[in-house]
Each structure stands twice: as structure tokens, then as C-alpha cells.
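Asks: Provided herewith is a single structure, encoded as C-alpha cells, for subsequent inquiry.
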Amino acid sequence: MQRYAVGIEFSGIQYRGWQTQQPGVASVQETIERVLSKIADEPITLHGAGRTDAGVHATNMVAHFDTTAIRPERGWIMGANSQLPKDISIQWIKQMDEEFHARFKATARRYRYVVYNAPHRPALLHKQVTHIYQKLDVQKMIKAASKFEGTHNFETFRAAACQSNQPVRHVKHCRLFQHGRYLVLDIQADGFLHHMVRNIMGCLLEIGQGMYEIDHIDTMFAAEDRKAAGITAPPDGLYFIQCYYPEQFDLPQPPLGPHWLNLPE
């Protein structure tokens, strides 16, 4: 039995998220498993580094699978990409020791959330960004983003249906920057709760619209109640961009996305 790690890029528009759903419901995981199973001529199960909601995208989702099939790495990539739908692409594959696990060996994960802030919605970026037409106080949002850095109880900023046993997470960085008409939230943490990034982005958007002051974030944290925070931002602008592992695994490090924005690393 051989273990492979894979890096996957996908648009989440047509899928009900990463994780396999009930029969007849399209998911990214199930779509890739079906193709890899054909190539391997045996059932393949993918184990992803994380889960994404319906409509959320990824530029480097890491996963792994085990197989008895012997193929060169290039053969796996070319074979899979020739059969996968155009909105899913295998970017790299690497043979690994069985010690590697895409989820349990990950030390951190990183997301970017992209807002297009302009009077009119962008037709060519439909469901690839979140459009906000209201004028935003960007400098205020930038200052507010740093409030989420460090170790906190994120009970207020997770979905009511979140199944995680405990809500404490360490956020290494939470930075918001402006790139022309785009606002980009870049956040890295040891782990994320269900809807955590989208709820943080929703909070920042409300601050940018003047609905409350930056210090109100402290009140939200203290409440430890989802009802104390504001909106959940749409999934459209959210991208899973990187997963980090110990150096011993030496996984490929592709450029951070989304690539069409040509953002700084």
C-alpha cells in the first residue's frame, strides 16, 4: 500500500462543499475520489486537510489517499486532470510515508477572503468574490482585524451547528489589506471553527460600515454567544489557500492564491 499527498485547486460554485454528502449531492471530495478510483482500478478514499462549505474555493487544498496501484506521479496528475471537471484540478502529487496524514499532521491552515468594493457588481467575478457596494472605512477595518490575533475563545464567531469540542484557537495573523478595489482578509491559525472566517469577515464589514466601534469586538468575545456578533459573510469570497506541515514532509509550496488577483505573498 502506497500513500500519496495531493494539492488540489477548485472552484466551489457547483459543489456542496468539500466533504462527501449523501448520494446525488455533488462534493469536491466525491468527485475526485470517483476519478482516482478509475485510474487506480480500486476504491480510493481521500482525506482532506480541512472542510469547506458550499461555494467556498481552494487554491491548495491538501489531501492524501492510499492505493496499491503503481503509477508515476505525472501519470496520476495527467490522468486525473483529463477526467476531472474543469473547475477541479490536481496541482501536484507526492509519494509519502504512511506517517503523513493530511489532517492530523497539519500545524496550521490559511484562508483569504476577497471583497470587491465598488458601486456595481462584477459580472466576470460572479461568485468568486463578495461584492459590497457601500463605502467602507478600510483603515478602521485594518485596525479591527488585528483584534482577532492571538489565542481566543471563538465561541461567538463559530456557527451554532459547529461540532468542534472546544472553541479556543490560536490565530497567528489576521491582516486586512487593500488591493485596488479589492479588500483581502488573510488569516492563519492552528485550526478553524465552522464559519469562523466568514463570521470574522462579517464583523469587519459591519465595522467598516460604521455599525459599531472596534472595541465592541472585546464585548463580542466576552459574550461567548453567536448571537452577540453580526452577519455571516457569504461563501463566495472565501479561499482555502495553504496548509502547513512539519518540514520533514517537504511538500510543494505553490504560490498563494487566488492567482487572478496577483497578490503579494
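Cβ atoms are placed via backbone N, Cα and C, with glycine included.
Annotation comment: Swiss-Prot describes Asp53 as active site, nucleophile, evidence class sequence analysis. If you look up Swiss-Prot, you'll see Tyr111 marked as substrate binding site.
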Asks: Whole-number answer please: how many Å between the C-alpha atoms of Tyr111 (substrate binding site) and Asp53 (active site, nucleophile)?
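Replies: Cα-Cα distance, Tyr111 (substrate binding site) to Asp53 (active site, nucleophile): 13 Å.
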Asks: Using a Cβ-Cβ cut-off under 8 angstroms and a sequence gap of six or more, which residues of the chain neighbour the residue listed as 'active site, nucleophile'?
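Replies: Expected: Gly12, Gly17, His195, Arg198, Pro235, Leu238.
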Asks: Return the count of C-beta atoms lying within 10 angstroms of the C-beta of Tyr111 (substrate binding site), excluding that atom itself.
Replies: 24
